[in-house]
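Quick look at what TrEMBL lists:
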type     : residues : note
COMPBIAS : 222-231  : compositional bias 'Pro residues'
REGION   : 221-244  : region 'Disordered'
TRANSMEM : 17-36    : transmembrane segment
TRANSMEM : 56-78    : transmembrane segment
TRANSMEM : 98-115   : transmembrane segment
TRANSMEM : 120-136  : transmembrane segment
TRANSMEM : 156-186  : transmembrane segment
């Protein structure tokens, strides 16, 4: 158990709490400690009964069943793998900027979920982070199932197309990719590469709660330097692929 504890404490601070919550909330629903319906996003209950916790729990909850257990573990892997690398790579020493990215992506995904009647938001949230990682590591070669290899820049779209082929659903992945693209475009691409106006900046109050741990001015003045990253697997080698973009509705367990 001490080894597990040491491993857990080695996870970067922000990713550690997100990862832990993404385990705790699904288990609470699975064990029946809370009715799983109370953890899902229902717009009418958010606006008419002010159940404001739903946008948060819907981003952390995933129904664990024999049919979805593998899918859930794959998403946990993506969360741990890519969030850790973003937090210790492009956002190294800038926790406030990373928290702001997560908040921006979450708000956009919640708005999309409310408009599109999406019940679960875990996959879009994780995919938005994966997309941002891929943008910072475009030239990194990743390995996918069946031994395919390609640049990380294509990884979010490969996952989307592969899921559409095997399951006919891609809404969750597409939502996450578009939100991740929106953040990266507004924060980096448009103001720095295209010379446009800077629409996004980390609020100062976040720096008070999450001060920089390295020297330099707060916020991003230039894109963080891209570090050489060794070849790494996209999802851990071969194996059976499941439909992991399909939404779940009330009673889907």
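Positions of Cβ are set from backbone N, Cα and C atoms, glycine also.
Beyond the ends of the transmembrane segment (120-136), by six or more residues, the same chain brings 22, 40-41, 55, 58-63, 75, 78-79, 82-83, 85-86, 89-90, 101-102, 105-106, 108-110, 112-113, 152-156, 159, 172-173, 175-177, 179-181, 183-184, 188, 223-224, 226, 244-245, 247-248 to within a C-beta distance below 8 angstroms of the stretch. Using a Cβ-Cβ cut-off under 8 Å and counting only residues 6 or more beyond its ends in the same chain, the transmembrane segment (17-36) has close neighbours at 8, 11, 57, 60-64, 72, 75-76, 79-80, 83, 102, 122, 253.
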